[in-house]
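Here the structure comes first, spelled out in structure tokens, and everything after it is commentary.
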Amino acid sequence: MKITTWNINSLAARLQHMLDWVAANPVDVLCLQELKLTEDKFPLLELHAAGYTHCAVFGQKTYNGVAILSRTPVRDVAKNIAGFADEHSRVIAATIDGPQGELRVVNGYFVNGQAPGTEKFAYKMNWLGGLNAYLCDELRRHERLVLLGDFNIAPEDRDSYDPDGLRDTIHHTKEEREHFRKLLELGLCDGFRLFEQPEKSFSWWDYRMLGYQKNRGLRIDHILVSEALRAHVKSCAIDRAPRKWKQPSDHAPVTIEF
DNA sequence: ATGGCGACCCTCGGTCGA
């Protein structure tokens, strides 16, 4: 079973791009972030035709928006973080049957946070606090859980193209990394780091300044798995191919296999 | 050569992203 996370940076702008990718990579579950559209604009027909007949969507106009696309039924769909009031559409969770049993999938578009000291950064910290409490509860109910999405956090120095130059800037601050560590302390582990990976593996590159061509990127898209799932993970990889296509998303898809 | 993007909308300039 394969599950992918991908910040698509507008599903309307990237629909054909996404369909081309799933045609070549027919993953079982595709978790998207930054749909930038409302549910009434969601391309259900095209996704059904592509085999994703079960879609859980939490849309929003212009900003945010997340979805879980599945080839098999999704149930117990939950939107946003229980117990945390949020104006934005940033989290969607669903239960899906996997080969060894049911799987709880929590898909998040984490807050960007702009810069330390700003109101947006304070929102990011509060949001991450709310998420942690929510996950703590979800893990109590679902032993087999995957938390994935655009975390907007580079957890370690090796997850950044310039860890020294960017030290204490957004995605790199101690506070953000502490929040990431607290998620691991809940019993989650970083699927990507279960395996030997190439040096300078990133999942996002700035559109500006020839970011991709110079591999000036960050690894901010993650897939965390609960302890019960850890031994079942067969692979986890970033697919840089679609970042080279014409008019790409600035993020690459990350796929885990069980 | 030190700047080089892209998507959105109460849309052609400002906001946001990371």
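Even glycines carry a Cβ here, placed using N, Cα and C.
Per TrEMBL, the candidate among A:Asn7, A:Asn107, A:Asn215 that belongs to the Mg(2+) site alongside A:Glu34, A:Asp150, A:Asn152, A:Asp250, A:His251 is A:Asn7. Same-chain neighbours of the Mg(2+) site beyond A:Asn7, A:Glu34, A:Asp150, A:Asn152, A:Asp250, A:His251, judged by a C-beta within 8 angstroms of the site's C-beta center, are, in sequence order, A:Asn9, A:Gln33, A:Tyr109, A:Trp204, A:Ile220, A:Asp221, A:Ser249. Averaged over the domain 'Endonuclease/exonuclease/phosphatase' (A:5-251), the predicted model reaches a pLDDT of 97. Of all Cβ atoms in the shown protein chains, 28 besides its own fall within 10 Å of the Cβ of A:Asp150 (active site, proton donor/acceptor). In the three-state DSSP assignment, the secondary structure recorded for A:Asn152 (Mg(2+) binding site) is coil. Each residue contributes its Cα atom, and for A:Asp150 (active site, proton donor/acceptor) and A:Asp250 (Mg(2+) binding site) those atoms are 12 Å apart. Using a 10 Å Cβ-Cβ cutoff, A:His251 (active site, proton acceptor) registers 25 neighbours.
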